[in-house]
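Visitor: From Swiss-Prot, here are the annotated features:
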- 68, 70, 86, 150: Cu cation binding site (BINDING)
- 86, 95, 104, 107: Zn(2+) binding site (BINDING)
- 75-170: disulfide bond (DISULFID)
- 1-23: signal peptide (SIGNAL)
């Protein structure tokens, strides 16, 4: 009886693990600065209508910084241009959370780094999904995606990137 119960439980666990309903619900990005130094981590958790980000960053210059989802899971170059443009839908969109037209899906609120260079925040984005739920762009698509931190804050209106400046940190979302 005990062997049968253990076998049934093992079979049930295997079936549940393969279930699409229990697909990956969170992902992590290990963030690096352009010089390769550790700059912290970002956890992205699937929510019913978007994603919740938990950012724990370090080594930033004090003050406000833009953060965006970028379309490629590639932080291989020191300037992080390999991460591509912002995540976006198939439709033509423009940059900026304050833009009256549809903004691109990579747009996020600014983050603030304290005097010691640390930035800790939770941000909700209804614009993306880990796997494409609700028709939102998938962060974990075939070429992946990344989170990029910029040198300056985003004004949320100016094209193409809101005056955010250079890319200073990047992490591939996995």
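Numbering starts at 1 and runs along the chain as displayed.
Glycine is no exception: its Cβ is also placed from the backbone N, Cα and C atoms.
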Visitor: From the recorded positions 75, 95, 104, 107, 170, pick the residue whose C-alpha lies nearest to the C-alpha of residue 150 (Cu cation binding site).
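Guide: That would be 170, the closest of 75, 95, 104, 107, 170 to residue 150 (Cu cation binding site).
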Visitor: Whose Cβ, among the disulfide-bonded residues 75, 170, has more other Cβ atoms within 10 Å than any of the rest?
Guide: 170
Visitor: For residue 86 (Cu cation binding site), which of these recorded positions sit within 10 Å, Cα to Cα: 75, 95, 170?
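Guide: Those close enough are 95.
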Visitor: My understanding is the cutoff is Cβ-Cβ under 8 Å with a sequence separation of 6 or more in the same chain; which residues meet that for residue 107 (Zn(2+) binding site)?
Guide: 68, 86, 95, 96, 97, 127, 154, 156
Visitor: Least buried of the binding-site residues 86, 95, going by other Cβ atoms within 10 Å?
Guide: 86
Visitor: Relative to the Cβ position of residue 104 (Zn(2+) binding site), how many further Cβ atoms are located within 10 Å?
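Guide: Other Cβ atoms found within 10 Å: 25.
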Visitor: Using Cβ-Cβ distances, find the residues under 8 Å from residue 70 (Cu cation binding site) that belong to the same chain and are at least 6 apart in sequence, listing them in sequence order.
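Guide: Long-range Cβ contacts: 80, 83, 84, 85, 86, 87, 106, 145, 146, 147, 148, 170.
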Visitor: How big is the gap, in Å, between the Cα of residue 104 (Zn(2+) binding site) and that of residue 75 (disulfide bond), rounded to a whole number?
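Guide: Spelling it out, the Cα of residue 104 (Zn(2+) binding site) and the Cα of residue 75 (disulfide bond) are 20 Å apart.
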Visitor: I'd like the number of other C-beta atoms within 10 A of the C-beta of residue 150 (Cu cation binding site), please.
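Guide: Around residue 150 (Cu cation binding site), other Cβ atoms within 10 Å: 23.
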Visitor: How many other Cβ atoms are found within 10 Å of the Cβ atom of residue 68 (Cu cation binding site), counting all protein chains shown?
Guide: 25
